[in-house]
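K.L.:
Found this in Swiss-Prot, in case it helps:
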type	residues	note
SIGNAL	1-26	signal peptide
DISULFID	Cys31-Cys80	disulfide bond
DISULFID	Cys41-Cys71	disulfide bond
DISULFID	Cys42-Cys54	disulfide bond
DISULFID	Cys81-Cys92	disulfide bond
Amino acid sequence: MKFIAVVAALTASLAMAAPTESSTDTTYIACPISLYGNAQCCATDILGLANLDCESPTDVPRDAGHFQRTCADVGKRARCCAIPVLGQALLCIQPAGAN
């Protein structure tokens, strides 16, 4: 009877000590879901209120640098916008981690 209790306790302690996920395995979210949740590549920024000639990035951003390079490849800047409509976007900010 004591043997079963010892085995059960040992098994439980091993299960609790096993790591679940790597903490370095994070996913980059350029524009967290909020008011500014739409990733856009825009050519002209007018005081952060309006952006002109905007389009969605051609690749899903892997990190801030990748997002900026993807937009720079088409001559635009990475932005997180609130309301993208017909190539224009209202209320835009820089993406997370961008310079």
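Just so it is clear, glycine is given a Cβ too, placed from its N, Cα and C backbone atoms.
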K.L.:
Starting from the Cα of Cys71 (disulfide bond), work out which of the disulfide-bonded residues (Cys42, Cys80, Cys81, Cys92) are within 10 Å.
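P.N.:
Among Cys42, Cys80, Cys81, Cys92, the ones whose Cα sits within 10 Å of that of Cys71 (disulfide bond) are Cys42.
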K.L.:
For Cys54 (disulfide bond), which of these disulfide-bonded residues sit within 10 Å, Cα to Cα: Cys31, Cys41, Cys80, Cys92?
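P.N.:
Cys41, listed in sequence order.
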K.L.:
Select one residue from Cys31, Cys41, Cys80, Cys92: among these disulfide-bonded residues, choose the one with the most other Cβ atoms within 10 Å of its Cβ.
P.N.:
Cys92
K.L.:
Report, in whole Å, the straight Cα-to-Cα distance of Cys80 (disulfide bond) from Cys41 (disulfide bond).
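P.N.:
Counting only the Cα atoms, the answer is 9 Å.
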K.L.:
Measuring Cα to Cα, tell me the gap between Cys42 (disulfide bond) and Cys92 (disulfide bond) in whole angstrom.
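P.N.:
Approximately 10 Å lies between the Cα of Cys42 (disulfide bond) and that of Cys92 (disulfide bond).
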K.L.:
Fill in the CA-CA distance, Cys92 (disulfide bond) to Cys31 (disulfide bond), as an integer in Å.
P.N.:
10
